[in-house]
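Enquirer: Please read through the structure below; I'll follow up with questions.
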Amino acid sequence: MHNNSSSHRATLIDGRAEAAVLKGLVAHEVTRLQARGITPSLAVVLVGEDPASHIYVRNKIRAVEAVGMRSISYRLPAHTPQAELLELVSSLNTDAAVHGILVQLPLPAHIDRDVVTDAITPAKDVDGFHIDNAGKLAVGREDGMIPCTAVGCRLLLRRVLPDLAGLHAVIIGCSNIVGRPTARLLLNEGCTVVMTHLQSRDVAAEARRADILVVAAGHAGLVRGDWIKPGAVVIDVGINRVEQHDGARIVGDVEFDEAVLKAAAITPVPGGVGPMTIACLLWNTLCAAQGRGTGQLPRTESAG
Ligand SMILES: Nc1nc2c(c(=O)[nH]1)N[C@@H](CN(C=O)c1ccc(C(=O)N[C@@H](CCC(=O)O)C(=O)O)cc1)CN2
């Protein structure tokens, strides 16, 4: 995918449309499960008052219910002791009516995120953060639960690049939620993967070599147009709230107006990766209710 014309504008990869297709597929499978007396159920645990987390959790619960699944919501105060949260997780682990468990991140500072995620039964870990699930993915296995945003990034990429094998992928940001699992998935697809992070010497130079650039740095406008190889596909995972004279706006980690003139295809923010994160959570919850890991998502008809 290469275009040198000065009037060139990248194709927009529509995450909302792709998410709608996936949600439709999940809703269909939920109906089939319900005919067998099983209603997939997701327990959502939110600790504290982080305003963005409240919005994400509300959106997740709405999405769960819209596809006919059951949601069970737990809202705990910020001062909840870790031991109390672990007790709740333990009771959800043994509750046969609960198929998936999600603890919204970030957690308050006094709670050890790894201890909590590792307390969730791996088969119910719809976030794919448990060390057993992360370990499976790290050795190239996709039979565990795989983190939702990473799965969403791969689906969006496949929409514009049906064969990823041999492509040079550069990931900016190495979080366990996004950067690392996305790198593993792209490696599984046959990409040559470079992971960059805060200590990387020249991130811009790495980015300029990328056929696929995945940006999950949490830094508004970090990636400028001249970081992008003409014809690259850019997946912007960043969600940053910036104040402007006319109010707050959500922007990504990529300077969109510059990138759109260089890339072959790009995800917008909002409306790109974010909606896919929620749709893939529904898919993972369905898989948990079916007693299997995330696995390969079926190739759906084009959303647009
Ligand atoms: N337990 C988890 N915690 C967190 C995760 C996660 O996958 N599991 N990811 C992020 C937040 N997140 C989901 O929880 C999330 C973030 C953003 C969106 C989204 O749809 N964004 C919209 C814009 C939203 C806005 O306007 O504020 C978009 O991009 O279009 C969905 C999910 C951290 N925590």
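Here the Cβ of each residue, glycine as well, is placed from N, Cα and C on the backbone.
If you look up TrEMBL, you'll see G173, C174, S175, I239 marked as NADP(+) binding site. What TrEMBL records for 13-127 is domain 'Tetrahydrofolate dehydrogenase/cyclohydrolase catalytic'. Residues annotated as domain 'Tetrahydrofolate dehydrogenase/cyclohydrolase NAD(P)-binding' in TrEMBL: 147-290.
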Enquirer: Cβ-Cβ under 8 Å from S175 (NADP(+) binding site), same chain, 6 or more residues apart: which ones?
Expert: A216
Enquirer: In the domain 'Tetrahydrofolate dehydrogenase/cyclohydrolase NAD(P)-binding' (147-290), how many residues does DSSP assign to helix, to strand and to coil?
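Expert: The counts are 52 helix, 32 strand, 60 coil.
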Enquirer: Relative to the Cβ position of I239 (NADP(+) binding site), how many further Cβ atoms are located within 10 Å?
Expert: 20
Enquirer: Cβ under 6 Å from an atom of ligand 1: which of these binding-site residues qualify? The list is G173, C174, S175.
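Expert: By the Cβ criterion, which requires under 6 Å to ligand 1, there are no hits.
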Enquirer: Do you know the mean pLDDT across the domain 'Tetrahydrofolate dehydrogenase/cyclohydrolase catalytic' (13-127)?
Expert: 98
Enquirer: Please work out which residue of G173, C174 has the most C-beta neighbours within 10 angstroms of its C-beta, and give that one of the binding-site residues.
Expert: G173
Enquirer: DSSP says what for the domain 'Tetrahydrofolate dehydrogenase/cyclohydrolase catalytic' (13-127): how many helix, strand, coil residues?
Expert: 59 helix, 19 strand, 37 coil
